[in-house]
Amino acid sequence: MLENTLVLLKPDAVKRSISGEIIARFERRGLTVAAMKLMQVSQEQAKKHYDEHREKPFFGELVDFITSSPVVAMVIRGESAVKMVRSMMGATNPLDSAPGTIRGDYATEMSKNVIHGSDSPASAEREMNIFFTKDEIF
Ligand SMILES: Nc1ncnc2c1ncn2[C@@H]1O[C@H](COP(=O)(O)OP(=O)(O)OP(=O)(O)O)[C@@H](O)[C@H]1O
């Protein structure tokens, strides 16, 4: 099934200038970029995005990090894109992410784990609406 998923290349990825390499991985796999922009995430967007973690002790740090400097926000499209992007990202904790995955190749720390990808089609729909207007998605 053709799906859209929301991907954020987090501030650590943009600062390290590895955005292009990560985008290339998705394109090489056969996924396409349906929307993309370099943007400063607002406090409001960050809190909405991380709403499921609102009660967690690390919620403040999550919001502070994602708003600390610009991110690359993208909508990635393809067959089962939600699941495919998640498998290409690797485990949340870089200590558990396999070499060959994005986190397994680029990240060492949970708090600076390079990338976010929606975890379900419903989350993708919700998250795309936080970062993009309908006319920005092609
Ligand atoms: N125990 C924790 N301590 C600190 N940070 C955490 C912890 N658990 C998760 N995080 C951070 O919160 C983010 C969201 O956690 P979640 O469980 O939704 O992981 P994920 O879905 O793999 O990651 P993301 O939402 O960024 O794609 C993680 O990417 C990570 O940066």
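Quick reminder: no glycine exception, Cβ is built from N, Cα and C everywhere.
Because TrEMBL annotations are produced automatically, they should be read as predictions rather than curated entries.
Listed in TrEMBL:
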type	residues	note
DOMAIN	2-138	domain 'Nucleoside diphosphate kinase-like'
BINDING	LYS10, PHE58, ARG86, THR92, ARG103, ASN113	ATP binding site
ACT_SITE	HIS116	active site, pros-phosphohistidine intermediate
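TrEMBL feature annotations superimposed on the structure.
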residue	record	DSSP (3 states)
LYS10	ATP binding site	coil
PHE58	ATP binding site	coil
ARG86	ATP binding site	helix
THR92	ATP binding site	coil
ARG103	ATP binding site	helix
ASN113	ATP binding site	coil
Binding-site residues near ligand 1 among ARG86, THR92, ARG103 (Cβ under 6 Å): THR92
Maximum Cα-Cα separation (Å), residues LYS10, PHE58, ARG86, THR92, ARG103, ASN113 listed as binding ATP: 22
Fewest Cβ neighbours within 10 Å, where candidates are the binding-site residues THR92, ASN113: THR92
For the domain 'Nucleoside diphosphate kinase-like' (2-138), residues assigned helix / strand / coil by DSSP: 62 helix, 32 strand, 43 coil
Candidate with the highest Cβ count within 10 Å, taken from the recorded positions LYS10, ARG86, ARG103, HIS116: ARG103
Distance [Cα-Cα, Å, rounded] between ARG103 (ATP binding site) and HIS116 (active site, pros-phosphohistidine intermediate): 10
Within the predicted model, mean pLDDT of the domain 'Nucleoside diphosphate kinase-like' (2-138): 98
Cβ atoms near PHE58 (ATP binding site) (within 10 Å, other residues, all chains): 12
